[in-house]
Amino acid sequence: MAGNSFGKLFKLTTYGESHGKAIGGIIDGCPAGIQLDFEAIQNEMNRRKPGQSKIVTQRKEPDTVEFYSGIFEGATTGTPIGFIIHNTNQKSNDYSHIKDVYRPSHADYTYDKKYGVRDYRGGGRSSARETACRVVAGAIAKQFLNGIKINAFTSSVGEIFIDKPYQDLDFSKIENNAIRCPDETIAQQMISKVEVIKKQGDTIGGTVTCVLQNVPSGLGEPVFDKLHAELGKAMLSINAVKGFEYGSGFCGAKMKGSDHNDKFNEDGSTQTNLSGGVQGGISNGMDIYFRVAFKPVATTLQKQETINSKGETVEMQGKGRHDPCVVPRAVPIVEAMAALVLADYTLLRRQESKQW
Ligand SMILES: Cc1cc2nc3c(=O)[nH]c(=O)nc-3n(C[C@H](O)[C@H](O)[C@H](O)COP(=O)(O)O)c2cc1C
């Protein structure tokens, strides 16, 4: 199976399945001498972990990360950082009813068709449990990127959305509620919506907005390795993501150039930032901001018609512990993936600078 690694110089490889013994990874290329704050790493894990509130899956995992290599006296050594997170709260019987049945819009059908072997327990390798490993690596990348601010938050749930530019939001309030929305009034509406949806045995989608501040100019390449292309790949590689837009995004397609162009100040900064901090694939020093769309989780607890591995039409009903809405847990994953891209592109820039 290809595609278990992400990044060129700051490279994360992950392993493990949802109901196996453990998941984990290797971070290769992390520079030496970063004094790690392990509490901050665990805090990021706690933001993603299941069971943290009543509006997420009730699987209870402590998601404690153990490091095996690449760290000496609390600092990175420049060698591969190996880590493991044990799976402690699997209930594999919850999945026996889908052993030979494909959940509509999940990964079951495509995975089985491609590999012919499917660990149906919890989605196996296709499970979002894998994203815990991304959060570990992202937390280390964040510490390497000291000075760059990375803030993601829930910007919509279903039809409920924050109707304000991000500049009017107080990011220190993101963690104040279970949905991770910095606008408390909207947050309560979102939480009530998820509660109603959950009671119905249904699921709902939403968006996460991410803002990257103090990113220096010069990250990214003009052709295939555009900074926004890598951010797009990073975000679209997260489970359940259906869309990515940065800067003016799809709204820009409705505008005239005369309204859309960001007028320069003499120091090279711009008066507006519809470019979203990236022009021609290269960061320009302005805030980078983007939005990621998450679909409603495929495993609803309602009865659905589907097919089994023999191609027969059958009725199925999801069981077990599932997220009614992924966005609150996706917030730290989006931040982690953004941090991995910035760490990688920072190292690429350093390497380039040496060559010039
Ligand atoms: C944080 C997070 C939690 C998720 N939890 C569930 C879940 O409980 N049940 C489920 O069926 N899918 C869940 N998903 C989505 C599936 O992993 C995803 O839909 C599946 O792997 C198929 O991939 P695709 O939707 O990207 O095509 C979750 C995704 C994320 C990001």
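Placed from the backbone N, Cα and C atoms, the Cβ positions cover glycine too.
Keep in mind that this is a model prediction, so the values were computed, not measured.
According to TrEMBL, the protein carries these features:
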type: BINDING; residues: Arg48, Lys54; note: NADP(+) binding site
type: BINDING; residues: Arg125, Ser126, Ser127, Asn239, Ala240, Gly280, Lys295, Pro296, Val297, Ala298, Thr299, Arg321; note: FMN binding site
Sequence-distant neighbours of Thr299 (FMN binding site) in its chain (C-beta under 8 A, six or more apart): Arg103, His106, Thr203, Gly318, Gly320, His322
Candidates near ligand 1 among the binding-site residues Arg48, Lys54, Arg125, Ala240, Val297, judged by a Cβ under 6 angstroms: Ala240, Val297
From binding-site residues Arg125, Ser127, Lys295, Val297, the one whose Cα lies nearest Lys54 (NADP(+) binding site): Val297
Inter-residue C-alpha distance, Lys295 (FMN binding site) and Arg48 (NADP(+) binding site) (nearest angstrom): 18
Distance from Arg48 (NADP(+) binding site) back to Ala240 (FMN binding site), taken between C-alpha atoms, in Å: 15
Farthest-apart CA atoms of Arg125, Ser126, Ser127, Asn239, Ala240, Gly280, Lys295, Pro296, Val297, Ala298, Thr299, Arg321, residues recorded for FMN, distance in Å: 44
Lowest local Cβ density among Arg48, Lys54, Arg125, Lys295, which the record lists as binding-site residues, within 10 Å: Lys54
Rounded distance in angstrom between the Cα atoms of Arg125 (FMN binding site) and Arg48 (NADP(+) binding site): 18
Neighbour tally for Ser127 (FMN binding site), based on other Cβ positions within 10 Å of its Cβ: 19
Cβ-Cβ distance under 8 Å to Val297 (FMN binding site), same chain, at least six residues away: Thr203, Ala240, His322, Asp323, Pro324, Cys325, Val326
Between Ser127 (FMN binding site) and Arg48 (NADP(+) binding site), the C-alpha gap once rounded to whole angstrom: 14
Neighbour tally for Ala240 (FMN binding site), based on other Cβ positions within 10 Å of its Cβ: 20
